[in-house]
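Novice: What follows is a structure written as structure tokens; I'll ask about it next.
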């Protein structure tokens, strides 16, 4: 833990590599992101976020992947604005009941704990969207992955879109063409898509999300791997059975996910298609297998790029991440 905290401190002492990410990645100029946003208004913010993420991951290593996924699912729907955290009410429909999120997203309670402490220390200062972005970074770091400086200054939305969540978030059966289209809709490239898919080096998935893999009979498939999945998911009630996205190093953020793809052991169809469905994505996968540092660097770059996706200029700093003020 001390080494990790030292890394976070060093980031704060290092000059920002860019004044804002908006210049580099074309973010919303109405709500620019930058470094040191909370240096004077809430200097303990990142330490508090890290503390609660570390506690949660220590209790359940899967929580690292869950918090990372929360940030992904937030950013893919109208930008990184914490809309994914809003609860449904009698006159408001949020995104939690959308197909990609229902009975799937986890970690809301961790965000609640972080927000509660921050509101006591520095009320209405740190946005829920910035908490999500920082918790995602800390989850990767605590799992053995790279570190980067999270750019701050996001606003929280006052709206949500269940339809956009259903339409924008890539599904587990997506082909390469579908994946590329959904990433490009957000200004992310094919290379960003492959690098960010590497987040599946940690976490788990339900049998229902990879059921089409169980039916595979292609000669190019890893027959033993498919057989092991068939056995795992053979029960009549397999809706709650989960499998590791990376069986070899399930709780470690590394390049093993890409190694698995080359051996036909990608769990989700949308994973395995990166090798089987497109020569260009396969070349990137092969590069990440040979050069794990290249994967780490590309992942950091793509996370910063994704994290800069439009924050609402008319947003707010929510007091409670589950409801608008």
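Positions of Cβ are set from backbone N, Cα and C atoms, glycine also.
For 1-18, the entry in TrEMBL reads signal peptide. The feature domain 'Plant heme peroxidase family profile' is assigned by TrEMBL to 32-325. Taken from TrEMBL, the feature disulfide bond covers 42-122, 75-80, 128-321, 207-233. Under the heading site 'Transition state stabilizer', TrEMBL lists 69. Positions annotated as active site, proton acceptor by TrEMBL: 73. What TrEMBL lists as Ca(2+) 1 binding site is 74, 77, 79, 81, 83, 95. Marked as substrate binding site by TrEMBL: 170. Marked as heme b binding site by TrEMBL: 200. Residues or ranges marked as Ca(2+) 2 binding site by TrEMBL: 201, 246, 249, 254.
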Novice: Within 10 angstroms of the C-beta of residue 77 (Ca(2+) 1 binding site), what count of other C-beta atoms is obtained when all protein chains are considered?
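Specialist: For residue 77 (Ca(2+) 1 binding site), the count of other Cβ atoms within 10 Å is 27.
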Novice: A 10 Å Cβ contact count, applied to the binding-site residues 81, 254: which residue has the minimum?
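Specialist: If we count Cβ atoms within 10 Å for the binding-site residues 81, 254, the smallest count is at 254.
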Novice: Restricting to the same chain and to sequence separations of six or more, state which residues have a Cβ under 8 Å from that of residue 128 (disulfide bond).
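Specialist: Correct list: 82, 85, 111, 115, 156, 318, 321.
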Novice: Reported as an integer number of Å, what is the Cα distance between residue 201 (Ca(2+) 2 binding site) and residue 95 (Ca(2+) 1 binding site)?
Specialist: 25
Novice: Which whole-number value in Å describes the distance between the Cα atoms of residue 249 (Ca(2+) 2 binding site) and residue 200 (heme b binding site)?
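Specialist: The Cα atom of residue 249 (Ca(2+) 2 binding site) is 11 Å away from the Cα atom of residue 200 (heme b binding site).
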Novice: Given the recorded positions 73, 74, 83, which lie close to residue 246 (Ca(2+) 2 binding site), meaning Cα to Cα within 10 A?
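Specialist: The recorded positions passing the 10 Å Cα test: none.
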Novice: Same chain, not part of 201, 246, 249, 254: whose C-beta falls within 8 angstroms of the C-beta centre of the Ca(2+) 2 site? Give them in sequence order.
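Specialist: Near the Ca(2+) 2 site, the remaining chain residues are 202, 248, 250, 252, 253, 255, 256, 257.
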Novice: Of the recorded positions 77, 79, 200, 207, 233, which one has its Cα closest to the Cα of residue 42 (disulfide bond)?
Specialist: 79
Novice: Identify all same-chain residues not among 74, 77, 79, 81, 83, 95 whose C-beta atom falls within 8 angstroms of the centroid of the Ca(2+) 1 site's C-beta atoms; report them in sequence order.
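Specialist: Along the chain, the qualifying residues are 73, 75, 76, 78, 80, 82, 84, 157, 160, 161, 164, 165.
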Novice: Cα distance, residue 207 (disulfide bond) to residue 200 (heme b binding site), nearest Å?
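Specialist: Cα-Cα distance, residue 200 (heme b binding site) to residue 207 (disulfide bond): 15 Å.
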Novice: Write down the Cα-Cα distance for residue 254 (Ca(2+) 2 binding site) and residue 79 (Ca(2+) 1 binding site), rounded and given in Å.
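Specialist: Just about 27 Å between their Cα atoms.
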